[in-house]
Amino acid sequence: MERQKSITYPAVKKQYAPPRTGKWLVTLILLFHAVGIVGFTLIKTRPFFLVLVPFHLLLMTVLVVKSHNRLSKKFLYFFIITALAGFITELVGTATGLLFGTYSYGSTLGIKAAGVPLLMGLLWFLMIYSAGVTMRLSGLKYIVLRVLIGAALLTALDWLIEPVAIKFDYWNWKNNIIPMYNYVCWFGLSLVLLLIFELFRFKKQSGVAVVFLITQFIFFIALRYV
């Protein structure tokens, strides 16, 4: 009598397991942000760390993209759409004041095009992708809830970032007043881009993007209150 073979599910396991590189990606994210907090806090090292900001953001983009399971054309399309939407929105905002309010960018975020740092597109991608993955892994069943809560999280993060951004010349507001309209626009744009994230229906991702998002909260809380 033929012995029955045991049943295994390697394909399913592979699909839902985090990538092997996940641990070192998380380690790098935590390490660079921890060093950054110290570097920004110490007055003697602050100028050097301000110069490193654009390179830090580029590195974080590489790490988060690396964490995505099964890179594909679909992911590339999402990356381009999110980055372009974020950058164009910033262009409109700085040029007209119709979005966010009246503000301008400083020198910290690096090279600009029409007054907007080229990195702003990457920043919007990082925020939307990390929030989108976090909400998908949260277990929330309904897309509406995931999008609303994700947008609220990103708006809360912006609230933490604003004073730090002004202090370190990321950007500046007219009369140094951060308008409530800024947060309304942040919530609205986050809502739209998170909905786009949901429409792409990415398969389950690792928790690297979640760690990145949590690290942003810790990083800016530290710089805001230290």
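Here the Cβ of each residue, glycine as well, is placed from N, Cα and C on the backbone.
Listed features, source TrEMBL:
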| type | residues | note |
| --- | --- | --- |
| TRANSMEM | 21-42 | transmembrane segment |
| TRANSMEM | 48-65 | transmembrane segment |
| TRANSMEM | 77-103 | transmembrane segment |
| TRANSMEM | 109-131 | transmembrane segment |
| TRANSMEM | 143-161 | transmembrane segment |
| TRANSMEM | 181-200 | transmembrane segment |
| TRANSMEM | 207-225 | transmembrane segment |
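Note on the transmembrane segment (21-42): residues 48-50, 52, 56, 59-60, 63, 66-67, 168, 206-208, 211-212, 215, 218-219, 222-223, 226 of its chain, located 6 or more positions outside it, place their CB under 8 angstroms from a CB of the stretch. For the transmembrane segment (181-200), same-chain residues at least 6 beyond its ends with a Cβ under 8 Å from one of its own Cβ atoms are 74-75, 77-78, 81-82, 85-86, 89, 93, 99-101, 103, 124, 127-129, 131-132, 135, 143, 146-148, 150-152, 154-155, 158-159, 162, 173.
The stretch from 48-65, 77-103, 207-225 with the most CB pairs below 8 A to the transmembrane segment (143-161) is 207-225.
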